[in-house]
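**Student:** My questions all concern the structure below.
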Amino acid sequence: MIEASALTKLYGDSRVVDRVSLTLDQPGVTAIIGPNGAGKSTLLSMIARLLPIDKGRAFIDGLDVTRTKGSELARRIAVLKQENGLLARLTVRDLIGFGRFPHSRGRLTAADRAKVDEAISFLDLTPLSDRFLDELSGGQRQRAFVAMVLAQDTPAILLDEPLNNLDIRHAVAMMRLVRKAADDLGKIIVVVLHDINFASCYADRIIAMQEGRIVVDGPAAAVVTEETVEAVFGLPVMVREIEGQRTCLFRR
Amino acid sequence: MSDRHILSLGCLGLVLLFVASLFIGAGDLSFRTIANGEMDGEALRLLLVSRLPRTVAAMLAGASLAVAGLLMQMLSSNRFVEPSTIGTTEAAGLGMVVVTLLAPGALIFVKALVAAGFAIAGTAVFLILIRRLRLKSGLLVPLVGLVLAGIIQAAAHFVAYRADLLQSLGAWSSGDFSMVLQGRYELLWIGAMLGSVALIAADRFTLAGLGRDVSVNLGLAYERVVALGLVIVSAIAAVTVATIGSIPFVGLVVPNLVTMTMGDNGRRIVPFVALWGAILVLGCDVLGRLLRYPYEIPVSVIMGVAGSALFLMLLARRRTAHG
Ligand SMILES: Nc1ncnc2c1ncn2[C@@H]1O[C@H](COP(=O)(O)OP(=O)(O)OP(=O)(O)O)[C@@H](O)[C@H]1O
Ligand SMILES: [Mg+2]
């Protein structure tokens, strides 16, 4: 369970995240949308203890993220940032193996290895598993990092723009995987998405942010309307139902 | 070839170098004398008091400096840094100058301890700087390091000049094994032992190399791992400076060569980094004794030439191969 109350982040005088409160207690997929600079990444980073919180509090399973041991939290929440892996000449398999670090502290058991294999095949990485990360394309590397987070096997997962660099086939595959993890494994998943159609088709709930605040929060069908999307992004759009998929298209 | 094969071949090479090193030098000691059992007291003394310590010192220094370089690269998530290009070694030198000025008669162990303290401070300044400036990759990180190293070096020169210690500072800042004698190099064992901590904590250092965010996400006590690495790197730099003087490039060239071919997984590569480091430094020392026989060229000079050539080559390969 994820709970944030009045989370605030200040850079100088500007409040990039402004008293955001949020509760996620049901398994499911929640999409966060909003324009560049709205504070989506900052919010996720604070919840995942990657950034210090200036005001307010965040809890994972009732544990205050600023007071709980990192290793304790790492078994409850996993986060993938927009950019990853600085010094990363690791093989895909080694990287995903590190996803088990919170459980194994470095000594992989047979069960750990099984999880690693599962994550590898889930993300279609089997043929690449012995390649070095710096020898992969951007999208392949992105999938490897998602696989690492998946292997971490936590009840809550935060993904910041996981569709970055992915082609349409792998983007759809990623969203199906996200859906499946929520439905079959009961995970609470938060994804930051820029493509409203992916949010509309795969998310249960959509949260829209603007200038550090949550401006809309509701079931996907209620959020993806012409008025709301126009208000959030300041751009005229069309929303149509196409073969049962609610679809949003910009106006030329 | 499997890792194990390469490792055993490397060890064989090191043993051969080791034997060669025992019998090369200005003093009169040849393999034949020993083989014929004609070893007199003089020769035995030369072997035990000078050649053996010298050889062991070169191996220990090479292995630990290479591992220190690897650690530094993991801690700063940048491939182009090593203790002697970011201020660690220079700070250790400054520490030696200061302690020699204040307590000339102190034990070498005490001096090395003070040097390690200075080295820790210098390295911490570097790490804080690159984090504050949000320098993540590219060549800016080593450049900041070079500037910092230059400033510390200048401070050391200033103090040494005032205190009439320039000659000593020269000895600390250019490595040379010719003065190694039994009883004067044993500190290097401490460096090597600290280096082996890198093997024990290899997973943690590898994770740290992936950056703070990935580390924290996986529950690694990132700051603590960085602090541990910082102490290890600084102590290795300090004992090297205190006993033989600094040796450039080992910490840069060896880890880069190894990671290029074998990747960044510490658990796999630390033994190789240590082994190649020992081979490179001992090899350069032997070469230094042969080139102008019976005179010697200090190892730091040989390494400066060989290392910079190797490094330029690596830089070119890395650029083309991995963007
Ligand atoms: N270190 C920083 N110092 C100052 N301002 C910052 C810093 N990091 C982020 N910001 C500002 O905070 C705001 C929110 O940034 P954030 O990365 O959370 O946006 P985002 O919603 O994730 O945007 P995007 O869609 O582009 O990823 C932006 O205006 C950004 O310029
Ligand atoms: Mg963002």
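Yeah, the Cβs are placed from backbone N, Cα and C, and that goes for glycine too.
TrEMBL lists B:6-31, B:52-71, B:91-110, B:115-133, B:139-160, B:187-205, B:225-258, B:270-291, B:297-316 with the feature transmembrane segment.
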**Student:** Does the transmembrane segment (B:297-316) come close to the transmembrane segment (B:225-258), meaning at least 3 CB pairs under 8 Å for residues 6 or more apart?
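**Tutor:** Output yes: the transmembrane segment (B:225-258) sits against the transmembrane segment (B:297-316).
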**Student:** Where, among B:91-110, B:139-160, B:270-291, do we find the most CB pairs under 8 A to the transmembrane segment (B:6-31)?
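**Tutor:** Going through each listed stretch, the top one turns out to be B:270-291.
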**Student:** Considering pairs 6 or more residues apart, do the transmembrane segment (B:139-160) and the transmembrane segment (B:91-110) have at least three CB pairs under 8 Å?
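**Tutor:** Contact criterion met.
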**Student:** With a cut-off of 8 Å between Cβ atoms, can you find at least three pairs linking the transmembrane segment (B:270-291) to the transmembrane segment (B:52-71)? Only pairs 6 or more residues apart in sequence count.
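**Tutor:** Checked: the transmembrane segment (B:270-291) vs the transmembrane segment (B:52-71), in contact.
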**Student:** Short question: which residues 6 or more past the ends of the transmembrane segment (B:297-316) have a Cβ under 8 Å from it?
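**Tutor:** For the transmembrane segment (B:297-316), the far contacts come to 58, 174-178, 245-250, 252-253, 256-257, 260, 280-281, 284-285, 287-288, 291.
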**Student:** Using Cβ atoms and a strict cutoff of less than 8 Å, what residues sit near the transmembrane segment (B:187-205) while being 6 or more residues removed from its termini?
**Tutor:** 56-57, 60-61, 63-64, 67-68, 70-71, 74-75, 108-109, 112, 220, 225, 228-229, 231-232, 235-236, 239-240, 242-244, 265-267, 270-271, 274
